[in-house]
Amino acid sequence: MLYGFSGVILQGALVTLELAISSVVLAVIIGLIGAGGKLSQNRLSGLIFEGYTTLIRGVPDLVLMLLIFYGLQIALNTVTEAMGVGQIDIDPMVAGIITLGFIYGAYFTETFRGAFMAVPKGHIEAATAFGFTRGQVFRRIMFPSMMRYALPGIGNNWQVILKSTALVSLLGLEDVVKATQLAGKSTWEPFYFAIVCGVIYLVFTTVSNGVLLFLERRYSVGVKRADL
């Protein structure tokens with residue numbers, strides 16, 4: 001059925017998953033920092049992150065990916081040359097995680113900013129009145145409440161990141177796209193293996209939808225009843 005390429009394709013699929021999960025973790029971290037920066041009273045912080053999100057959303061992902069990848073490579077080689085060290089090539093997986101995380105960190109910034117703004121201020125004021133510290137307010141009030149509003153955006157961003165991992169094959173990463181391309185060229189069946197690649201991504205997104213639906217229900221427990 002896969003002409004002996006099942007092992008290679010499976011390995012490529014695992015690489016794709018690893019890339020997607022690692023990238024979304026980095027993007028979430030950047031997004032939380034960015035949302036905090038845009039909501040802070042510090043005007044400089046707000047301007048920096050506003051410029052970051054505007055730049056990222058205004059330039060195509062592939063162009064940004066190539067700029068970041070080659071920019072990192074040039075910067076690294078400049079530093080190593082100054083130190084008298086030979087050229088160092090950036091690992092495609094590391095490059096992919098950094099580029100995807102940096103790009104989609106901008107989208108997560110807007111997702112989290114909107115979610116934090118949707119949390120009723122009365123909840124925070126009540127927690128403060130009960131003597132909660134700022135850390136406790138964030139962990140026990142703001143974060144759980146924010147997640148209910150953020151999950152649809154998180155799910156959408158995750159799906160986009162998952163599909164955008166296909167672009168990283170251009171950087172030399174041996175992911176599922178690269179594996180199916182290799183299989184297609186070797187067997188003279190490129191269309192068939194393109195379908196195989198599409199089916200694998202469809203399975204990933206379908207399973208992701210189920211997980212996200214579960215999380216949305218989990219964070220909405222008691223909310224609908226209270227709204228009624």
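Yeah, the Cβs are placed from backbone N, Cα and C, and that goes for glycine too.
Positions annotated as domain 'ABC transmembrane type-1' by Swiss-Prot, on the basis of sequence analysis: 13-212.
Annotation comment: Swiss-Prot describes 1-12 (among others) as topological domain 'Periplasmic'.
According to Swiss-Prot, the topological domain 'Cytoplasmic' annotation covers 34-58 (among others), on the basis of a curator's inference. Here the topological domain 'Cytoplasmic' (34-58) has Cβ contacts under 8 Å with residues 64, 102-103, 105-113, 116-117 of the same chain, all six or more residues outside its ends.
Positions annotated as topological domain 'Periplasmic' by Swiss-Prot, on the basis of a curator's inference: 80-87 (among others).
Each residue of the topological domain 'Cytoplasmic' (109-148) gets a DSSP state, and the totals for helix, strand and coil are 34 helix, 0 strand, 6 coil. The feature topological domain 'Cytoplasmic' is assigned by Swiss-Prot to 109-148 (among others).
Annotated topological domain 'Periplasmic' per Swiss-Prot: 172-194 (among others), in sequence order, evidence recorded as a curator's inference. Residues 2-3, 5, 8-9, 11-13, 15-16, 19, 92-93, 96, 165-166, 200-201 of the same chain lie 6 or more positions beyond the ends of the topological domain 'Periplasmic' (172-194) yet place their CB under 8 Å from a CB of it.
In this model, the topological domain 'Cytoplasmic' (216-228) carries an average pLDDT of 60. Residues annotated as topological domain 'Cytoplasmic' in Swiss-Prot: 216-228 (among others).
Within its own chain, the transmembrane segment (13-33) is flanked in space by residues 93, 96-98, 100-109, 111-112, 154, 157-158, 161-162, 165, 168, 173-177, 179, 200, 204, which lie at least six positions past its ends and keep a Cβ under 8 Å from the stretch. Summarising the annotation, Swiss-Prot assigns transmembrane segment to 13-33 (among others).
Here Swiss-Prot flags 59-79 (among others) as transmembrane segment. Counting residues 6+ beyond its ends, the transmembrane segment (59-79) has Cβ neighbours under 8 Å at 87-90, 95, 98-100, 102-103, 164, 167-168, 170-171 in the same chain.
If you look up Swiss-Prot, you'll see 88-108 (among others) marked as transmembrane segment.
According to Swiss-Prot, the feature transmembrane segment maps to 149-171 (among others), an assignment based on sequence analysis. For the transmembrane segment (149-171), same-chain residues at least 6 beyond its ends with a Cβ under 8 Å from one of its own Cβ atoms are 16, 19-20, 23-24, 27-28, 61-62, 65-66, 69, 92, 95-96, 99-100, 103-104, 107-108, 110-112, 114-115, 118-119, 177-178, 181, 201, 204-205, 208-209, 212, 215-216, 219.
Annotation source Swiss-Prot lists transmembrane segment at 195-215 (among others).
Outside the topological domain 'Cytoplasmic' (109-148) by six or more residues, the chain places 30-32, 34-35, 38-39, 49, 52-53, 154, 157, 216, 219-220, 223 with a CB less than 8 A from a CB of the stretch. Sequence-distant contacts of the transmembrane segment (88-108) (same chain, six or more residues past either end, CB-CB distance under 8 Å): 15, 18-20, 22-32, 34-35, 52-53, 55-57, 61, 64-65, 68-69, 72-73, 76-77, 80, 153-154, 157, 160-161, 164-165, 168, 171-174. For the topological domain 'Periplasmic' (80-87), the DSSP-based tally of helix, strand and coil residues reads 3 helix, 0 strand, 5 coil. When the topological domain 'Periplasmic' (172-194) is classified with DSSP, helix, strand and coil residues number 17 helix, 0 strand, 6 coil.
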